């Protein structure tokens with residue numbers, strides 16, 4: 001190449017650099033002024049870089065608006081790395097490069113662009129050059145914004161028809177360098193540069209979300225049935241599939257048209273819960289007279305002759321000796337209209353955790369109150385279990401309550417209407433305060449659990465002429481049916497486990513149904529298991545079990561030691577969520593101190609027990625209106641309602657209260673006292 005050509009090229013290059021420096025404030029492209037003119041004869045690179053657009057086969061991969069190109073340039077056709085402070089660190093590759101740029105062939109080792117291509121800095125005006133670059137500039141990429149834990153939606157964007165995502169993303173990256181022309185005005189360059197930077201920093205933003213440094217920035221999703229169209233469609237398809245398999249006729253054929261109801265007997269210690277349960281089993285024929293006579297003789301020999309009916313429920317030797325129920329007893333009886341499972345909860349304060357586990361499996365609560373003088377006051381006063389059991393039952397979803405005023409035949413009471421009204425009045429006020437509708441959800445009746453008066457047969461009018469209402473069994477048989485979700489996704493919180501010729505788990509089916517041989521998923525371990533055998537309330541093997549049933553399942557695919565109460569058997573297509581962080585509405589019912597960020601306690605949710613701590617208080621709810629405060633409260637005390645972020649030590653299986661009430665409500669306890677109740681409103685991603 002002649003000296004004159006070299007001089008012309010050098011002049012053009014310096015002129016182009018000067019134009020870029022004037023337009024961009026002499027900051028971004030100052031490195032080009034340091035270009036070594038002595039290296040020109042080896043490759044003719046001046047023309048190739050004047051467009052600042054890069055090649056498809058060797059262009060710039062990423063542009064930094066602060067100071068030049070950061071990443072490596074393809075060594076087949078130019079500089080290997082550009083120094084952000086100004087200038088290239090290494091000389092160009094003398095091998096040059098050949099390729100094709102926008103259908104124009106080039107050979108940058110021997111010649112400029114072929115096929116009549118004219119460098120962009122020669123033969124055109126500044127205005128023409130700007131127009132060309134505007135047309136070539138790519139449109140801003142659409143960004144994805146997570147708006148639901150169950151799916152991803154495009155926010156403020158529409159998808160182009162017929163565009164392949166992989167090719168589109170590749171072209172967007174290749175064109176990212178083309179939009180950085182040095183001759184544009186600063187106001188026109190900065191805005192598109194910022195938009196182009198967003199996709200580059202996506203990885204950094206994702207890391208910030210996973211660390212969740214700020215609770216107020218939590219990406220949380222409130223699960224609703226309409227949150228994600230795809231999930232709704234799949235759920236509808238599953239429900240439709242299961243509806244074809246199970247209908248009302250199948251249920252009627254299996255159980256003779258009788259639905260199943262789980263009852264929990266609760267109340268203060270020595271209120272007569274186990275005795276009443278044992279008498280119900282005897283009166284309905286579930287326990288024969290010979291067995292009762294046997295228990296009566298054994299109780300008399302042990303000096304406990306008045307406890308023989310309770311021995312039907314209390315099978316443990318320690319329970320019989322002390323006259324106190326320790327664990328939740330289970331029994332089954334049947335009437336002409338319904339099938340029942342009795343859950344006999346322990347009344348002692350030491351065993352409240354067992355009572356909570358029993359209440360989580362119940363449909364209807366039977367609150368047993370002793371009318372005997374002194375016993376009623378002890379049970380209902382602060383510290384007694386009557387109030388706490390009623391509160392826990394409401395928290396666990398027991399919305400129907402039968403309050404039986406027991407021991408009405410005691411000599412201190414003698415079926416007194418005045419004593420009965422006193423008990424009813426005090427309990428009514430408390431039940432109303434914790435959320436029960438006294439007119440529709442609660443019924444009161446006087447009974448004698450020991451003599452059986454008003455359990456199955458009406459009390460003698462001579463003894464109690466003032467009560468004309470139904471007996472306990474009459475009311476249970478005629479009350480409204482409990483809503484069942486037979487064709488919903490299968491879910492069974494595990495209440496107990498054992499090893500008997502394999503792994504056996506026990507619990508109440510909260511939704512859906514299960515068949516022998518069906519595959520399920522054990523959460524939170526995400527272990528696939530197979531149902532080998534199904535046993536109903538009477539220990540008989542069946543082929544199918546429905547929502548509301550108390551069952552035992554022999555499962556294959558997991559060992560007994562790998563299961564804990566609180567695990568959930570769930571549908572593989574719609575598994576329950578397993579989380580450690582969620583947002584909940586909490587009502588503080590009993591607390592001597594205060595709750596603030598960092599406060600730890602024990603959470604009971606369905607059959608699970610897990611340690612939990614308060615991450616942050618978000619809002620305080622006004623009394624009456626539940627209006628959220630704008631500023632987060634510094635602490636919470638007794639009587640307050642707050643919205644807070646909670647975090648568990650280990651993953652726990654939960655759902656939002658709106659989707660699955662039974663799996664979205666919980667109780668907080670500390671130092672043997674129930675301090676708060678709550679419901680899950682959002683689940684953190």
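We number each residue from 1, going along the chain as drawn.
Cβ atoms are placed via backbone N, Cα and C, with glycine included.
As stated in Swiss-Prot, the feature region 'G2' covers range 323-327 out of the listed 308-312, 313-317, 318-322, 323-327. Between 564, 571, Swiss-Prot assigns phosphoserine to 571; no such entry appears for the others, which is not proof they lack it. Among the residue ranges 394-397, 398-401, 402-405, 406-409, the one that Swiss-Prot annotates as region 'G4' is 406-409. When the ranges 344-347, 348-351, 352-355, 356-359 are checked against Swiss-Prot, the one recorded as region 'G3' is 344-347. Remote same-chain partners of the region 'G1' (267-274), defined as residues 6 or more beyond its termini with a Cβ less than 8 Å from a stretch Cβ, comprise 309-310, 312-314, 323-325, 329, 344-349, 367-370, 375, 378-380, 384-386, 389, 406-407, 449-450. Counting only residues at least six positions away in the same chain, the Cβ atoms of 272, 275, 276, 279, 309, 368, 404, 406, 407, 455 sit under 8 Å from the Cβ of residue 449 (GTP binding site). Among the residues the record lists as binding GTP, namely 267, 268, 269, 270, 271, 272, 273, 274, 406, 407, 408, 409, 449, 450, the two farthest apart have Cα atoms separated by 19 Å. If you measure from the Cα atom of residue 267 (GTP binding site) to that of residue 571 (phosphoserine), you get 36 Å. Per-class residue totals from DSSP over the region 'G1' (267-274), listed helix then strand then coil: 2 helix, 0 strand, 6 coil.
Around residue 408 (GTP binding site), the same-chain residues six or more apart in sequence whose CB sits under 8 Å from its CB are 371, 415, 416, 420, 446, 447, 448, 453, 464, listed in sequence order.
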